[in-house]
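Features reported for this protein in TrEMBL:
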type	residues	note
DOMAIN	11-39	domain 'C3H1-type'
ZN_FING	11-39	zinc finger
DOMAIN	43-144	domain 'RRM'
DOMAIN	146-173	domain 'C3H1-type'
ZN_FING	146-173	zinc finger
REGION	183-217	region 'Disordered'
COMPBIAS	199-217	compositional bias 'Basic and acidic residues'
Amino acid sequence: AQHLADIFGTEQDRVNCPFYLKMGACRHGDRCSRAHVKPKQSCTLLLNNMYQSPEITPGQAYRNTAISKEELQKDLDAFYEDVFKEVSKHGKVEALKICNNFGNHLAGNVYVQFRHEEHAVAAMAALNGRFYSGRPIAAEFSPVTDFREASCRQEEQGGCSRGGCCNFLHLYHPSRALMRELMGDRSSSPPRRDHRRRPREEDGERDHKRRPREEDG
């Protein structure tokens with residue numbers, strides 16, 4: 001039993017998908033050879049593919065370079081503020097992360113981590129069934145608790161060799177002024193660290209818009 005506990009969520013775990021446990025998403029989806037055990041409740045919500053960046057088409061491994069960095073930052077900040085204020089109605093938000101990856105399983109994913117689990121439960125109930133910019137919001141509980149473990153270290157250190165096709169999280173960065181306004185001192189607070197071994201990407205088997213509102217389906 002102790003051995004199973006020690007290898008849970010690592011490459012040695014032959015049952016559970018380490019990518020799903022770390023990132024809450026796996027490029028193999030339902031075809032994965034390992035189990036994706038979705039939590040019944042969690043402090044973290046995943047809003048699937050919610051952010052539609054003007055520079056990225058999900059599944060396409062290139063960026064639209066015709067849009068200026070200033071325009072992209074303005075679009076990102078408007079979206080981030082919009083979502084943050086909406087989800088904050090349901091409880092204290094510890095972190096809000098937006099994926100900057102190309103893959104369909106990660107592109108535009110939004111992670112919202114609440115301080116208390118019951119706040120995440122309330123937010124999910126309120127968001128599902130609503131629309132944002134004409135698209136339905138798909139919220140689910142996520143196993144992600146440590147964004148340092150989920151994030152790509154190469155990207156954080158200046159550049160990832162896999163670019164947007166990486167299966168670890170590449171994150172957008174809202175402006176510092178906006179983060180200070182919304183998060184205060186917490187904007188620079190490091191998240192908790194999980195020391196379990198990370199899965200390797202190379203092994204395929206292991207692997208402004210309107211506020212959310214109600215619309216008729």
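Even glycines carry a Cβ here, placed using N, Cα and C.
In terms of DSSP secondary structure, the zinc finger (146-173) contains 11 helix, 3 strand, 14 coil.
Taken through DSSP, the domain 'C3H1-type' (11-39) splits into 9 helix, 2 strand, 18 coil.
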